[in-house]
Amino acid sequence: MVCFRLFPVPGSGLVLVCLVLGALRSYALELTLQDSGKATCLYAKWQMTFRVRYETTNKTYKTQTISDLGTVTYNGSICGDDQSGPRIAVQFRSGFSWIANFTKAASTYSIDSISFSYNTSDNVTFPDAKDKGMHTVYHPLGIEIPLNELFRCNSLSTLENNDVVQQYWDVHVQAFVQNGTVSKNEFLCDKDKTSTVVPTIHTTVPSPTTTPTPKVKPEAGTYSVNNGNGTCLLATMGLQLNITQDKVASIINVNPNTTHSTGSCQSHTALLRLNSSTIKYLDFVFAVKNENRFYLKEVNVSVNLVNGSVFSIANNNLSYWDAPLGSSYMCNKEQTVSVSGAFQINTFDLRVQPFNVIEGKYSTAEECSADSDLNFLIPVTVGVALGFLIIVVFISYMIGRRKSRTGYQSV
């Protein structure tokens, strides 16, 4: 745990801010605010990521995903006093900031609002942005929580405003902490409440998980992303989505004939987004590692289910489809991308190249181990067959030669 000493706050003395980096790199945050008596006044643990769509100098649009916040500071985070409520303030990258404000009523406190500011003058994040400068999006929330209870929302929550999508999950927060002790009583968000209740539409007691009807192999579709210089990302794959929500399992085969693709390409990241009447978005985010290989780093999804509910989840700590830069990754056999315990993607006839596409064509493919094993067995099988044939010929020759000798001796 690292503690940062901030500035004096009227009525509460010096405030200490402590941060612990979580399992998912720097965007997993745990924050504790303490008053002058070193008593905890606010506690928060959460994960967040941002997607910003912007116009380029070539009059095209790109989407930048911001999940690794890098080095962060916390200037302006306060416990609150009679004049102003508690506030969490986070600064990161070059001119980026995120603020959550809290208010208090007689028996409740509220997450009043969230604001996110980003800087398109940051040439690392937005190297080709047309409009340079600061941009801020503001979301009034008004989420009311009983005093002395911890707000919990493990489910994915999404805030959308024009060109900015904010996603939050694994959220645990309590403002106006009483007696310096974070409460063990949890107040759940609506999504977490529904995920723990068995649907009432069943007339019989359901099994722990309803097994869906098996579906046929999905049709493979070809998707692409274009930038100002032509095609920058290629993907061919059959996709089967396996979703478990409210203890009910669903299988959705993605129909390439009714699925549209968009995305963006950067020097070290690339995004393929699929959407249809059922799929609000299915994002595949690729990244470069060690300057010489690429891999699938992140998957975000939001799907409309047949019962009218929406399933959403995100994971930006994946490691699939690894191949050298300048090549494509291929796997004809079925593979499973495990995004979470509730969501997996089965892929068929997969080939993908998110970087260094030349003339809109795939480069030489690096095959998955499943395909490589098959290719290895073919020459081995042929070799064994040829060896067996040679042995048969040799034995036949020896038998024929022995018979020939016996015939000469008889004469």
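Count begins at 1; order follows the chain as displayed.
Cβ atoms are placed via backbone N, Cα and C, with glycine included.
Automated prediction, rather than curation, is the source of TrEMBL annotations.
Per TrEMBL, the feature disulfide bond maps to CYS153-CYS189 (among others). Around the Cβ of CYS189 (disulfide bond), the number of neighbouring Cβ atoms within 10 Å comes to 17.
Residues or ranges marked as disulfide bond in TrEMBL: CYS331-CYS368 (among others).
According to TrEMBL, the domain 'Lysosome-associated membrane glycoprotein 2-like luminal' annotation covers 218-357.
Feature annotation from TrEMBL assigns domain 'Lysosome-associated membrane glycoprotein 2-like transmembrane' to 378-409.
The transmembrane segment annotation in TrEMBL covers 376-399.
Secondary structure counts, DSSP: the domain 'Lysosome-associated membrane glycoprotein 2-like luminal' (218-357) has 3 helix, 97 strand, 40 coil.
Rounded to a whole number, the C-alpha distance linking CYS153 (disulfide bond) with CYS331 (disulfide bond) is 37 angstrom.
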